Amino acid sequence: MARIGDGGDLLKCSFCGKSQKQVKKLIAGPGVYICDECIDLCNEIIEEELAESSEVKLDELPKPAEIREFLENYVIGQDAAKRTLAVAVYNHYKRIQAGDKGRDSRGETVELTKSNILMLGPTGCGKTYLAQTLAKMLNVPFAIADATALTEAGYVGEDVENILLKLIQAADYDVKRAETGIIYIDEVDKIARKSENPSITRDVSGEGVQQALLKILEGTQASVPPQGGRKHPHQEFIQIDTTNVLFIVAGAFAGLEKIISDRTGHRGIGFGAEVRSKAEIDTTDHFADVMPEDLIKFGLIPEFIGRLPVVASVTNLDKESLVKILSEPKNALVKQYIRLFEMDGVELEFTQDALEAIADQAILRGTGARGLRAIMEEVLLPVMYDIPSRDDVARVVVTADTVNDNVLPTIVPRKPQRPERRDKSA
């Protein structure tokens, strides 16, 4: 591009018709000219179109039943949690489309407030995966933060604003898009108050963090350091409004079930105890009857609980669910390993009793679905080491003995190819 300097006023912008003297700059192309004012206008139009495309359109927003159906393809079990999340997410993005306000039947403006989500349940039962799958479906920025790394401002550790930086980074620094994203804060039970009564000494990683999270959970204009770390007065900040950011806060809350049973009167020991099998106890939704006062007794402050009105709970996965997780979802572990072996030209087969044995091992270890991959790696490591160096293996079969007794998987050799017969008449 050539830039036109001083000269006559015969040169005009090909778009608005203004002469060179009427504008600050006129830039020339092959037979055309464009002025600085038209360039600014083009930039504004492009920015508006990009902002519109990054928003979740209401007519495209899936209904709660569709959200739940999508989750079914990836997450096994946890039906109650799926329903709760589907409704909460649908209402949240419907509220964003309404611009935080809606009109009732009398034509009065009604302000629609945000409903963040609290997820309760044991480790390895799908809390994080549910949130990740939701974000994938809605095509919105998603960030995971660990509450245990957070401390109150002014102390060693991460500020709560660093959570927002992760979301901005997930949106490729598009702040407008980040403002409609989802933040998942894990291990929130670890920032519970150390005692039920407020302490005289400062609890910088417990109650202090809860206090620091209040504003961003509710919705505020936050100043985020672009490089992370601590704030200092001489640096520039990224401004982000958290009013439309959906927060999903989760934790295992070990010990909360005892607080609930003490309140409801369900005795676990003694002559009046309910007699239940171990399987029933393991798959019971311990948190179905949770009330705000139980969470306060556990160590969450009332203001923090008040900003998490939607409560979803997940249960321990039983053997049947773990077997389904191994083989049924779209990206099931068995399908992943079959694909890995296919890349080496080898078939991989798991017998049904092998899948059940892997599920039993995960239950014994108490790691839930998260432990399935570790068990699969242990079982398949010897053959995954040998097979790339061999060309005589057709199929690998994993049985229950492979899992339980540390026996090598059965290797089925490739049939030798017969040499082609030559025609004697040739």
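Cβ from N, Cα, C; glycine included.
For reference, Swiss-Prot has these:
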DOMAIN    1-54  domain 'ClpX-type ZB'
BINDING   Cys13, Cys16, Cys35, Cys38  Zn(2+) binding site
BINDING   Pro122, Thr123, Gly124, Cys125, Gly126, Lys127, Thr128, Tyr129  ATP binding site
Cys16 (Zn(2+) binding site) to Tyr129 (ATP binding site) - Cα separation in whole Å: 53
Cβ-Cβ distance under 8 Å to Cys125 (ATP binding site), same chain, at least six residues away: Gln78, Val314, Thr315, Asn316, Leu317, Gly368, Ala369
Other residues, Cβ within 8 Å of Cys13, Cys16, Cys35, Cys38 Cβ centroid (Zn(2+) site): Ser14, Phe15, Gly17, Lys18, Val23, Leu26, Tyr33, Ile34, Asp36, Glu37, Ile39
Candidate nearest Lys127 (ATP binding site) in space, where candidates are the binding-site residues Cys13, Cys35, Cys38 and distance is Cα-Cα: Cys38
Alpha-carbon spacing, Thr123 (ATP binding site) to Cys38 (Zn(2+) binding site), which is rounded to whole Å: 57
Additional residues surrounding ATP, by Cβ distance to the Pro122, Thr123, Gly124, Cys125, Gly126, Lys127, Thr128, Tyr129 centre under 8 Å: Gly121, Val314, Gly368, Ala369, Arg370
In three-state DSSP terms, the structure that Pro122 (ATP binding site) belongs to: coil
Mean of the pLDDT scores, which run from 0 to 100, over the domain 'ClpX-type ZB' (1-54): 78
In three-state DSSP terms, the structure that Tyr129 (ATP binding site) belongs to: helix
Residue from Gly124, Gly126, Tyr129 whose C-alpha is spatially nearest that of Cys38 (Zn(2+) binding site), among the binding-site residues: Tyr129
Neighbour-count leader, CB within 10 A, binding-site residues: Cys13, Cys35: Cys35
